[in-house]
Amino acid sequence: MNIKLTLLVLISIINLMIIQPIQTLAFPIYAQQGYENPREATGRIVCANCHLAQKPIKIEAPKTVLPNSIFEAIVKIPYDTNNKQLLGNGIKGSINTGAVMILPEGFKLAPKNLLSEELREKTKNVYIQPYSTTKDNILLVGPLAGEKNQEIIFPILSPDPSKDKNIHFLKYPIYIGANRGRGQVYPTGDKSNNNPIVSLNTGKVTKIISLEKGGYKIEIEKDNGEIYTENIPQGLNLMVSQGSQVVANQNLTDDPNVGGFGQTEIEIVLQSPSRIKGMIVFFFTVTIAQIFFVLKKKQWEKVQAAEINF
């Protein structure tokens, strides 16, 4: 199983590198490699450690589901499709998306052979994988081309308490984390080029040198007369010019990040079929009783009217 999973991941990565060679920072696999569980004890999903900007996401799923049934959980990752992100080589490219879904124990990705034709069509070309062989209730997907995947459909199979005594007919939480665009920090802790460059010291910009391969070198004279150099990578726009006065931690460039990460949660009820049948019988009985009560009341009113007339 581990070999098959590894091969599938490698094939996915190779395909993505061929199609989108630079868009690698949205890989949820980074969380997979670094954390046994993507949700910390505080409730924070670890993807937020690399994707520092916060952006909204939404999830749509049924309020209740029956055991051993397949349902859709739709994750919505909105963003302006006119925006382009800064890629690793300093050029602008399309934004990608990715998501992690943490299901209750027993819930898992629905096998493809159980999907309806409609659901199979909706989820084609979207590779969703379990977080690990021991955590098949945690699902990962991405990176995906964002233009076509601002909505990601997860086909979920609910558990059956009659087959698993650890599962009960209860209300359960589902946790979702999703990102659009690249992160600002690598798993190693190093910053990516998807950050603004800030001045390390207070001083004056004395020289700006445009580099042949793109980017700049900025020479800044500190208050004590010492000159130091700030290196600006390709793709960032300068916010200072020669002669500008700068202070420590002032942005020398714009912020290239157009993406961000968001997380949310919903609740879903695993409903007992016998309870539903019982409720139907109860409501049917109450309805019949009310009908008989109304008929009896009308009959009594007729008797009363007849006695008055007599």
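The backbone N, Cα and C atoms fix where each Cβ goes, glycine too.
Database features (Swiss-Prot):
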BINDING   Phe27, Cys47, Cys50, His51  heme binding site
SIGNAL    1-26  signal peptide
TRANSMEM  276-296  transmembrane segment
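Under DSSP, Cys50 (heme binding site) is assigned to coil, being neither helix nor strand in the three-state scheme. Shown are the binding-site residues Cys47, Cys50, His51; the one with the most C-beta atoms within 10 angstroms of its own C-beta is His51.
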